[in-house]
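Participant: These came from TrEMBL, pasted as-is:
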DOMAIN    91-302  domain 'ABC transmembrane type-1'
TRANSMEM  28-56  transmembrane segment
TRANSMEM  97-116  transmembrane segment
TRANSMEM  128-148  transmembrane segment
TRANSMEM  168-186  transmembrane segment
TRANSMEM  233-256  transmembrane segment
TRANSMEM  276-301  transmembrane segment
Amino acid sequence: MSVLTETIRPLRRVTMPHKRYSKQEQHIALAGIAFITPAALYVLIFNIFPVLYAFYLSFTDYNPINRNGPQFYGLSGYQTLLTSQQFWNALWVTVQYTLEVVPPAVVLAMGMAVLVNARLRGITFFRALFYLPRIVSLTAVSLIWLWLYSNNGFFNYLLSLIGKGGVAWLTSPAIALHALAVMRIWKALGGNMVFFLAGLQSIPGELYEAAKIDGAGSWSLFRHVTLPGLRPVLVYVATVNLIYIFQSFSEIYIMTAGGPVESTTTVNMLIYNQAFQYNQLGLASATAFLLFAVIFAFAFFNIRLISRRGTAS
């Protein structure tokens, strides 16, 4: 019989032998499940469930004082927000506050990291000094700066020494948001500096040596060696700062409570007022998810922008 006329025999099905786990392996698996269960329950109860429930509430008109419970209104809450001047004002304040804080906090922290990366005697002291604001809670920092900005505070005292009158740092609609931004930049510098310092120390020294042999100066070294090496850290720090500042609440609640004349009312402050002052939990939930969409869009745009510049350079 030729090869062409030979009947092709069907392949036999090969089954893998069932693996039997020993009692020790089963005990290890059960122990792992036992260890992970509390954390999984915590995330499920205190993270996932509240988010899903808030998403449901965003489609309702819910006043906790009303015994009727949530009343499903569909997209009415979102339509109300998108036509509300108060929401757009709060969003503009949030964007302005973010733009005033994030770029200086990132650029200045990068410069500080370059300075403290030098191998000098006593440089560890300055690293610790610059990082100190990071370990102080935002609430404590807000209370300290609230005193600094008060009418009889330290800043007005310095102005009085040069014959200048006091400034209404937190009670003037034209100044309050900028005063908050200065405090927030000071608070963010230490943490950002540490990330950039770690990035600087991960850049191979051979790159600097090769660039110096080619005649590169200080600016060329920073532009063509340091900055490209720090680009992943820059993307991370800028994105995390953007997300964090967009959600600012504590310092605003403590120092200005959204005033004066809503000049410091961010979206998070608006959510607080809707939920706990006006008992509009459905509208507050819708505002929260709109804020999430805005943060996601800004973060995505920020990552694409920095990455594209890195590719172009």
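Here the Cβ of each residue, glycine as well, is placed from N, Cα and C on the backbone.
All annotation found in TrEMBL is predicted automatically rather than curated by experts.
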Participant: Do any residues, 6 or more residues outside the transmembrane segment (97-116), come within under 8 Å Cβ-to-Cβ of it, and if so which ones?
Facilitator: 123, 126-127, 130, 177-178, 180-181, 184-185, 188-197, 199-200, 222, 226, 230, 234, 237-238, 241-242, 245-246, 248, 264, 266, 298
Participant: Give the nonlocal contacts of the transmembrane segment (128-148) in its own chain as ranges (CB under 8 Å, at least six residues past its ends).
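Facilitator: Sequence-distant neighbours of the transmembrane segment (128-148): 112, 116, 154-155, 170, 183, 186-187, 189-191, 193-194, 250-251, 254-255.
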